[in-house]
Amino acid sequence: MANIHVVLLLSPLLALTFCCLTFAADPASLQDFCVAGFACLLIAVKMNGLACKNPAWVQANDFSFSGLHNPGNTGNPFGSAVTPVTVAQIPGLNTLGISMVRIDYAPWGVVAPHYHPRATEILTVIEGSLEVGFVTSNPDNRLISKTLQKGDVFVFPVGLVHFQRNIGHMNVVAISGLSSQNPGVSTIANVVFGSKPDISTDILAKAFQVDKNIVQQIQWRF
C-alpha cells in the first residue's frame, strides 16, 4: 500500500518530466533541407505543415525558379505587379525562412499600404526611382520615407504598414527579400473594407470619423 502512495505522489512529477522531454527541441534544423512534397500514405514527416520529400528524390529543380526576368502585368488600377518566389514556387525553400519577389511599377504606379505578418522585407531598386515608406506603431505613427534610386536598398520592419510608389515617367523594377518562406500580406484597404462578412458600417464610420454612407460606398467597391 505504501508503494502505491509513493507512485501516486510521484505521478505528477513524472508526467511533467515526460512533457518537458516531449516538447524539447533543437533550435536549429537537424537536416540539410525539407523539400516540400506530397504526403505518402499517412506517415510523411511534415515541417511547417508541408510534407518532406524523400531526400533521395530531390533534384536541382526543387531549388530553382525561372521567370524573374519577365516583367509583371501592371495593367491594373494600382499600376503595379508582384511576382512571388516563395515555397509555392521553390519547394526547397521549405523551412529555410526566406523568399523573394519581383515588383514592377508603371509610371506613378503604387503598391498600396500593406504589411507582412511574418516577415521583414529588404528592397533593392533595379531600375528607376521609387518613393518608399513605413509607419511606426501606435502611439507615434511616425512616417519614415525616402526616395530611392537605382541600386538603393530600404528595409521594412516586420508587421509595420508600408508602401511604394513610382515617382517617375518610366517603369520601375525592384527586388525584395523577405525573412519567411511564406511572409503573408495584408493590404489595409482590403482588410478594413473588403472583409467577408463586412465589418459593421457603424464601427468603421466611428473609426474613420466619416458618414456611414461613405463607408458603404467604399465597401461596395470591394
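Keep in mind that glycine also has a Cβ here, set from the backbone N, Cα and C atoms.
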TrEMBL annotation, disulfide partner of C52 among C20, C34: C34
Spatial neighbours of H114 (Mn(2+) binding site) that are distant in sequence (at least 6 apart) but have CB under 8 A: V161, H162, F163, V185, S186, T187, I188
Around the Cβ of H162 (Mn(2+) binding site), the count of other Cβ atoms that are within 10 Å: 21
Whole-number Å value for how far H116 (Mn(2+) binding site) lies from C52 (disulfide bond) (Cα to Cα): 26
